[in-house]
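The following block contains the structure, expressed as structure tokens.
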Amino acid sequence: MKFYSVNLLHFLCIILFSKFSLFDSSNYHDYADALSKSIMFFEGQRSGYLPQDQRIAWRGNSGLGDGWTAVNTDLTGGYYDAGDNIKFNFPMAFTTTMLAWSAIEFGEYMPPSELRNALVAIKWGTDYLLKTVSQPNRIFVQVGDPIIDHNCWERPEDMDTARTVYTVESPNPASDVAGETAAALAASSIAFRSSDPGYAETLLRTSIRVFDFADGHRGAYSDNSNIREGACPFYCDFDGYQDELLWGAAWLRRASQGDAYLNYIQNNGKTLGADDNINEFGWDNKHAGLNVLVSKEVLEGSMYSLQSYKVSADSFMCTLIPDSSSYHIKFSPGGLIYRPGGSNLQHATSISFLLLVYANYLEKSSEIVNCGSISVGPKMLRQIARRQVDYILGDNPKGMSYMVGYSNYYPQRIHHRGSSLPSIKDHPQPIRCKEGSVYFNSSAPNPNVLVGAVVGGPEEDDVYEDDRADFRKSEPTTYINAPFVGVLAYFVANPNLS
């Protein structure tokens, strides 16, 4: 009888959260609280020396020898990408780009204290990225051996695994990581322009140099034999390097207003595949984000030589409209955007971000998107984004917030080493590689709350078991949270969107 009742409840929830709820969100959510926590999460992912104002107090210093032993270079700092202790520059640079874009587009909606916190989070990333490109004709793309690291379950403060430094040197290619790093530095230069113009100038100047390396050393970083064994299969460049070249150039165009970068994205769009895979956006594929970013110049600046990018951006938006002839994005019965491959909420947060950014661009230029027989305006795009946000925060068949620490019902057993092991503050004795297995295999809740972490979340069936071992669903990542910062900021200022 109990089994029947649970399944009956699930069935009723599926009916309740049918596809018609893609536009409906009725519950109240404290978006300001969620925004604050989404930014705080990044403090839990920090590597290096932690500052005195560190708010995730159960964390300690870690990775203090990074770079020194291996290459006699300071590579301390930066972020661990997820629940392990590796610093992968490809997703870290994308994370930084998205945090910066969040501040650029939605910083005005943030309470001043949270905008400051967001800028701190950005700078923790850019300070590290500057170190990785500090030497001419060389880029450091990763710190830590993932095979060895993933064979252990230990706190970052206890790391005794190899801190291998993966390096790409001229003439070998790294267009993807270098292009994304250039984008991150250029976007961040805009974010810091008013509060720290000197730092902004350093970021922009470095971005120009790094982009030249990316464009002059064309190819995927993971095609280098010395990189492939460390980056793959975790953060291989699966979708090609060409999108990062256009993405980096587009951000340099926005940051510098230089005609050279305008010409680059005009003249290289076809040859670098700007029209390919236009419905994807994430750490590996920048196409949908690129098209939205460049469309700003078309919509607000009448730069019609870039019209093809806007056509692609419009096309992407139409794939999200259920009654459009172009509709093909999958939604779960509960209304969640679904893409195969695991860590599904990265798609929900990144696509929601693009929806809100494009809605703002359309509104400022009094434009709409024509999806066949349907005209789509900013309001509908915002409603779809709002539905994703509210699903993540608890309006879903399980009634669970997929942000740790938000509401009273959230994942307790996330796939995260530091969160699941006793804090070094409570258990100062080292917990070595295999000694952490007992905590990994435990059914007990994690002892340390990683406030603000958004987990990978449910897939096409809305099911979530709160299982530490199911990393595809229970592991948080920095690139899930980064676009969510901007999304939440918008709804802090616009909570009553109908």
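Each residue, glycine too, has its Cβ placed from N, Cα and C.
TrEMBL entries are annotated by machine, without manual review.
So TrEMBL lists these for the protein:
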SIGNAL    1-23  signal peptide
DOMAIN    31-488  domain 'Glycoside hydrolase family 9'
ACT_SITE  His415  active site
ACT_SITE  Asp466  active site
ACT_SITE  Glu475  active site
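Thinking about packing and proximity, how do these listed features fit into the structure?
The Cβ of His415 (active site) has 24 other Cβ atoms within 10 Å, all protein chains considered.
The Cβ of Asp466 (active site) lies under 8 Å from the Cβ of Pro411, Gln412, Arg413, Ser474, each of which sits 6+ residues away along the same chain.
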Within the domain 'Glycoside hydrolase family 9' (31-488), what mean pLDDT does the predicted structure show?
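Over the domain 'Glycoside hydrolase family 9' (31-488), the predicted model scores a mean pLDDT of 96.
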Once near-sequence residues are set aside, which residues in the chain of Glu475 (active site), 6 or more away, have Cβ atoms under 8 Å from its Cβ?
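In sequence order, Ala82, Gly83, Ser343, Ile414, His415, His416, Val455, Gly456 meet the Cβ cut-off.
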